[in-house]
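Read through the structure below, which is laid out as structure tokens, and then see the notes.
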Amino acid sequence: MAPKKAKRRAAAEGGSSNVFSMFDQTQIQEFKEAFTVIDQNRDGIIDKEDLRDTFAAMGRLNVKNEELDAMMKEASGPINFTVFLTMFGEKLKGADPEDVITGAFKVLDPEGKGTIKKQFLEELLTTQCDRFSQEEIKNMWAAFPPDVGGNVDYKNICYVITHGDAKDQE
């Protein structure tokens, strides 16, 4: 009986290890940090309330239950870290890196304006995950100055991240 259990466990581990082989250790660590930010109650599972709290932390209050339910239905069950990583792995297969990065910024832009408030982006970059230093923030604003309203064009940032040079602004 023990060999059967070992085989089942090995098969289960092999199934989940495939998703871990899709990413390098740095990427897995970044996904883990993102998971931890979203898992607001720190129970190891992302649920609807975690999503609601995450949206509230980003300034988006009154998210509709239907929207949260649709997000939760993308997973086949409870969203632990392995499921979270698998979901991103499936979404990123064959995806254009610029589209992926733009999509990440769009989550922070619920009105779809193509901009994010400088203050909000700076707060995220200096308090979450791989934190920016004050010098890195200064360099970023020099490269991507906000408009007079304090908004940052994230599409230009995405272009530079993926192509290495600013778009012609003509």
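Using the three backbone atoms N, Cα and C, a Cβ is placed for every residue, glycine included.
Swiss-Prot lists D39, N41, D43, D50 with the feature Ca(2+) binding site, giving sequence analysis as the kind of evidence. What Swiss-Prot records for 26-61 is domain 'EF-hand 1', and it gives sequence analysis as the kind of evidence. According to Swiss-Prot, the domain 'EF-hand 2' annotation covers 96-131. Look at Swiss-Prot and you will find 132-167 tagged as domain 'EF-hand 3'. Swiss-Prot lists A2 with the feature N,N,N-trimethylalanine, giving experimental evidence as the kind of evidence. Here Swiss-Prot flags S16, S17, S76 as phosphoserine. Residues or ranges marked as phosphothreonine by Swiss-Prot on the basis of similarity to another entry: T26, T36, T102.
Feature annotations (Swiss-Prot) mapped to structure.
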residue	record	contacts (Cβ under 8 Å, 6+ apart)
T26	phosphothreonine	none
T36	phosphothreonine	R42
D39	Ca(2+) binding site	I45, I46, D50
N41	Ca(2+) binding site	E49, D50, D53
D43	Ca(2+) binding site	none
S76	phosphoserine	V83
T102	phosphothreonine	Y154, K155, C158
CB-centroid shell, 8 A cutoff, Ca(2+) site D39, N41, D43, D50, site residues removed: I38, Q40, R42, G44, I45, I46, D47, E49
Cβ neighbour count within 10 Å of D50 (Ca(2+) binding site): 21
Composition by DSSP (helix, strand, coil) of residues within the domain 'EF-hand 3' (132-167): 20 helix, 3 strand, 13 coil
Integer mean pLDDT for the domain 'EF-hand 1' (26-61): 89
Three-state secondary structure, which DSSP defines for S76 (phosphoserine): coil
